[in-house]
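Student: For reference, the structure I am asking about is given below.
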Amino acid sequence: MERTYQYAWIIPFVPLLVTMLIGLELLLNPTATKNIRRIWAFPAVLLLSIVMVFSTKLAIQQINGSSIYEYLWSWSITSDFSLEFGYLIDPLTSIMSILITTVGIMVLIYSDNYMSHDRGYLRFFAYMSFFNTAMLGLVTSPNLIQIHIFWELVGMCSYLLIGFWFTRPIAANACQKAFVTNRVGDFGLLLGILGFYLITGSFEFQDLFEIFNDSIINNNEINSSFATLCAFLLFLGAVAKSAQFPLHVWLPDAMEGPTPISALIHAATMVAAGIFLVARLLPLFIAIPYIMNIISLIGVITVLLGATLALAQRDIKRSLAYSTMSQLGYMMLALGIGSYRAALFHLITHAYSKALLFLGSGSIIHSMEPIVGYSPAKSQNMVLMGGLTKYMPITKTTFFLGTLSLCGIPPLACFWSKDEILNDSWLYSPIFAIIAFYTAGLTAFYMFRMYLLTFEGHLRSHFQNYSGHTNSSFYSISIWGQEGSKPVSSNLLLTTRNNNDKSSFSNCSFSNTYKIAGYVRTMRSSFSTHFLNKDSHTLLYPHESDNTMLFPLLILAIFTLFVGCIGIHFGHEVMEVDILSKWLTPSMKLFHQNSTDEDWYKFLTNAFYSVSIAYFGIFLASVLYGSVYSDRQNLYLINSFAKIDSKMRIRLEQIINVIYNWSYNRGYIDVYYEKVFIKGVRELAQLAHSFDRRVIDGVTNGIGVASFFLGEGIKYIGGGRISSYLFLYLACVSIVLLIYYYYNFLN
């Protein structure tokens, strides 16, 4: 065991070899390297697999022995101060290492085919391997200084990967937005690190916890307000990195990068870094009740905000991004209420489910691009999808499993972890628990909305010219966006409404009917889009992805089905498969000290309510979006709403519009930041520029000009005649004497 731990330092550096070798080969022999570029996927996967096997061995030893191993070596700067570097192997490190490597391997295999035609293939794999190195270095860090170093490397890699297609202005702006937003959190993190060093005199976790808890808190040796401020600054770094309110605005824009990047960022790397940091520092935070309250409050706000912002999104990746934001809020809420085990459990289950969903969305986008075009506004638009079950059955099945898992449907992975958080939240605050339960229903609604719009009904790619640029309401805004498409004349009656040219949130439009050419059911023969080229008339339609893209989906689907088993707790008298509790053995177990059958009974009771809420959300999504273009019964359902009392109907429409506008416009938070912060900073910069140009430069330039004219004047006065000099001298002396005598006369 000791020998295994001694070689644990290689964990972060093994994937770095790929980045270094690719760079070296491109430098020495660029042409040959580019010609055989796809061969580099093999060493990238192989080296990360070695790290995965090594991490698994360490994890097994952690389960059996529950030991912590730390190795440090010092870099002395002065006799009074030295920096220590090394690695820390404990249950949290082993969990994160396995998570990063397993998801990373699946993403690398998937990317080989997904990025095969991209000119930046080699650059992509170099960035990805370096990203894995940075994240593995972060989770093995034994102190705050080393964490900060790798924390910044993670941020740099995310900047490079989000802006991978940097020639697209929208991608370039997105990576800058992510970078600047995270600067706010990183600045807070650095100040917090320095503040706690000032308090404790150490950067090491173990020393930090012991000194802070024993010597400082108990003896009141420092100002508690200062300690709270430093802890809040540390937490601010996690808020930015894990896209918590109010620093969440970068996350949906990060979808401008390639889809495999989105899967890695949202599942196991960047956004997980913030959760990891709070989990690592939880013994510190738990000694400051105010900080725990702030963490739980930020978490519950993010849970609800992320879910509401996902309701009306049309971009499939942005919908998943807001879903990630909401689920990260659940994890932060769990950490804030002290439920360490539940937070890490949900981090594990969510990582595999969300990686499955993102890679599934990449498969969908990959299939839609030849049909609707390569612009993300079309290929990622759920408006133009639908009916993909027929063409992509494997992708559909895996995506469906991921959707059910995220909805919290048993026995899939996220059910066990989410319900544990819901169960623990009741013990902390009933208000937080009610919000968390309500959000579980919203999660089921928007996830099934996404699934139904993508896979059910019929293919809608032929409506790509009606994607929301006109005023009338053909389809509901929940599908088409803020403005519907033009009504087309003829046979079919679809109900629409005219309310200042704004559409409703659901399929339930009420007044004014328009006839549309042909019943949509007759469009079955038009599933494909026809394109003309020089030689032939080619029929294009969606198709299933290649095996190298399907293989990771199937593996992640297996994880989604069974990874929840590691944390199921049945009680000792029934059955015990709770590997996670044996693995973690955390120092704080506020809710899992003595688990009994009564606890299991409470869990089942809460699970019944949460699953019922989830099924209600699924039912509501099915009513509003299920087979919307192929089932005639849906028309009767829509028209039945017209029988509602007019006042109630108007009130309902107003409520629906408010919800839609809030969701579609991202809660107006981006608009607020744009007007208050961005424009404010720009105006301040312009004011500073104007002051510098007119005042600072004016004074210096004025002195120079005055000196010039003074010199010119003196030059013309001096003509070389001694008599003129004597006259000037006597005149000056006379003036001085007159002033002197006049001053004495007055006194």
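Every residue, even glycine, has its Cβ placed from backbone N, Cα and C.
It should be emphasised that the depicted structure is a prediction, and the values quoted were computed from it without experimental measurement.
As annotated in Swiss-Prot:
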type: TRANSMEM; residues: 8-28; note: transmembrane segment
type: TRANSMEM; residues: 89-109; note: transmembrane segment
type: TRANSMEM; residues: 125-145; note: transmembrane segment
type: TRANSMEM; residues: 185-205; note: transmembrane segment
type: TRANSMEM; residues: 259-279; note: transmembrane segment
type: TRANSMEM; residues: 281-301; note: transmembrane segment
type: TRANSMEM; residues: 328-348; note: transmembrane segment
type: TRANSMEM; residues: 355-375; note: transmembrane segment
type: TRANSMEM; residues: 397-417; note: transmembrane segment
type: TRANSMEM; residues: 426-446; note: transmembrane segment
type: TRANSMEM; residues: 550-570; note: transmembrane segment
type: TRANSMEM; residues: 608-628; note: transmembrane segment
Student: Which stretch from 89-109, 328-348, 355-375, 550-570, 608-628 shares the most C-beta pairs under 8 Å with the transmembrane segment (125-145)?
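Tutor: Most Cβ pairs under 8 Å with the transmembrane segment (125-145) come from 89-109.
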Student: Which of 89-109, 281-301, 550-570, 608-628 has the most Cβ pairs closer than 8 Å to the transmembrane segment (8-28)?
Tutor: 89-109
Student: Do at least three CB pairs under 8 A connect the transmembrane segment (328-348) and the transmembrane segment (89-109), leaving out pairs fewer than 6 apart in sequence?
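Tutor: Counting Cβ pairs under 8 Å (6 or more apart in sequence), the transmembrane segment (89-109) reaches the transmembrane segment (328-348), since there are 3 or more.
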Student: State the residues, same chain only, that lie 6 or more residues beyond the ends of the transmembrane segment (281-301) and have a CB under 8 A from a CB inside it; answer 'none' if no residue qualifies.
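Tutor: Contacts of the transmembrane segment (281-301) (Cβ under 8 Å, skipping residues fewer than 6 from its ends): 196, 205, 208-209, 212-213, 217, 224, 227-228, 231-232, 234-235, 239, 244-245, 329-338, 340, 428-429, 432, 435-436, 587-588.
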